[in-house]
Amino acid sequence: MNTPQYYSSAFGINTTDQAQLNVEVASTGFSVLGMVVTFLICLVGSLGNSLTMCTIIHQCWLPKRMRSIPKLTANMVLIFNLALADFLYCAAALPPVFATYYCNYKNMNCLWLSASMDDTITLCKVSAFFRYYIAICEWTTLGLMAVERCIAIYSFRHKLHHNRLFTPNKTVVMCLFLWLISLIELANLFNNNYDYNEETCICDYKPKTSPNSTCTNGLLNLTSPRVVFYVCSLIPCIFIPIGYFMIFHQIHLSEQQ
């Protein structure tokens, strides 16, 4: 088998093949790195979160006199919800990403990665939707956890024995509401805003250069399909620092007393 030869342009040789080789090497390295990182996150995340969920379920299953945790609390409900969302992300949302990197690495023609020319819902589009759907559930759960911790510390400091807002039953309802409200991402699925993105090399939002894409230039453009994910991620990002600032403030006031 003859190996193609590449020479420097200093000797008057065409460098097109050299540039193409550099792109292929970079693409191969990116695919290998993506496979390694994705596989590790899938493995560690699936195992760790499954152990967390099993521990909470086991504690609830045991008789009260044998439990390490006396009773179910709102914080436990939120931890379980976060572990469930993270488990689904690692065990179900990331494997298609790993498969995509593998297909790119092997230069395989995976039919499910081919960009569709119509509005049919393909496996690639569903995998992209599911990944963003679970990500929104995780972000909103983290924001809710920050608010719950802030209120819990405030109630403890002021000797309020009952937190009327975050009871276990109400927290379960809140978590179910988060999963339902995150389904707003379905709008992007039915509007054909997902497909294989050659810029990110995975199933993702369509690139802005795509002729069938509704993406427009500008981060704050409300017509962009990404605005749903941005808003649903930005709100928890605002609550998280505010919530933990209030927590540190309550601790500081308690130390002064």
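Cβ coordinates come from backbone N, Cα and C, glycine included.
Heads up, TrEMBL stuff is auto-annotated, nobody curated it.
Lifted from TrEMBL, the feature list:
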TRANSMEM  32-57  transmembrane segment
DOMAIN    48-257  domain 'G-protein coupled receptors family 1 profile'
TRANSMEM  78-98  transmembrane segment
TRANSMEM  132-151  transmembrane segment
TRANSMEM  172-190  transmembrane segment
TRANSMEM  227-247  transmembrane segment
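Against the transmembrane segment (132-151), stretch 227-247 has more CB pairs under 8 A than any other of 32-57, 78-98, 227-247. Residues of the same chain lying 6 or more positions beyond the ends of the transmembrane segment (172-190) and with a Cβ under 8 Å from any Cβ of it are 77-78, 81, 121, 125-126, 129, 132-133, 136-137, 140-141, 144, 205, 225, 228-229, 232.
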